[in-house]
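Only one structure is covered here, and it is reproduced in the block below.
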Amino acid sequence: MFRSLSVYNYRLWFSGALISNIGAWMQSTAQDWVVLTQLTNHDATAMGITMALQFGPPLLLVGVTGWVADRFDRRRLLYVTQTLLAMLAVTVGVLLLTHVLTLPLMWVFALALGIVNAFDAPARQAFVSDVVARENASNAVALNSASFNMARLIGPGVGGILIVMVGTGWMFLINAATFVAMLLALSLMRPGELVPRVREPGAARLADGFRYVAGRPDLIVTFIMVFLVAAFGMNFPIFASTMALEFGKQADGYGLLSSVLAIGSLAG
């Protein structure tokens, strides 16, 4: 079950990703709470716009970002994206602590975060195949999923408690600090032990992918279902945060609701 952890580079990757993901969930909890309670008067529409700006770019740029992840050195690409994400977190954290953050600035941050994540996510997912051999790939992917959901269980709950104790601005700075773990993991990896990969023309790979999906009606139906569920059934942060407010709870209550969602994912 844990055979991928016998690989030195993967142990570094797994540890760095777990720490970084916990920080990311803490920041996500703080971001939702900031928009809902500090920048607006419980305006769920403003929160929806923030989420759309953040999660729209990965969808719109999927062709470009996938090509970049296939074409360039993923380790170096992750250096860039992780550094940019840390810088964005520091910027918003400072703006919050100095009380100069506004809703339009938060929207700019959400858009920038979405653009950087659009390049970061496919590179992170594909990088697993660079770290472990093919026979361990499925095990590594399963461990990555468990790590992500473990972070989703820990991050919002801890983040909600810390928001009540020290404020939202510090969550962004804490998240920025967790990127050090990922950057350190990338730095300590042994490049000679990474799995070599054959680089094919990105345009050809993208075209082949579209042709393959077009010839598989079952995949088309699956993609449509995933899109509909993601678009209309995955707005949990909006529901959970407004629900917490309606029941008179603070950020710790919202964090607890968000953490509960991860229990089902881990159990599955």
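Backbone N, Cα and C define each Cβ position, glycine as well.
Pulled from TrEMBL, these are the features on record:
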type: DOMAIN; residues: 1-268; note: domain 'Major facilitator superfamily (MFS) profile'
type: TRANSMEM; residues: 7-26; note: transmembrane segment
type: TRANSMEM; residues: 46-69; note: transmembrane segment
type: TRANSMEM; residues: 76-97; note: transmembrane segment
type: TRANSMEM; residues: 103-119; note: transmembrane segment
type: TRANSMEM; residues: 160-186; note: transmembrane segment
type: TRANSMEM; residues: 219-240; note: transmembrane segment
For the transmembrane segment (76-97), distant same-chain residues with Cβ under 8 A (at least six beyond the ends): 20, 27, 31, 34, 38, 68-69, 105-106, 109, 112-113, 116-117, 119-120, 123-124, 127, 167-173, 175-176, 179-180, 182-183, 186
Same-chain residues near the transmembrane segment (46-69), Cβ under 8 Å, at least 6 residues beyond its ends: 31-32, 35-36, 39-40, 77, 103, 106-107, 110-111, 113-115, 117-119, 121-123, 126, 202-203, 205-206, 235, 237-238, 241
Same-chain residues at least 6 beyond the ends of the transmembrane segment (160-186) whose Cβ lies under 8 Å from its Cβ atoms: 12-13, 15-17, 19-20, 22-24, 26-27, 29-31, 33-34, 38, 75, 78-79, 82-83, 85-87, 89-90, 92-97, 250-256, 258
Segment confidence, the domain 'Major facilitator superfamily (MFS) profile' (1-268), expressed as mean pLDDT: 86
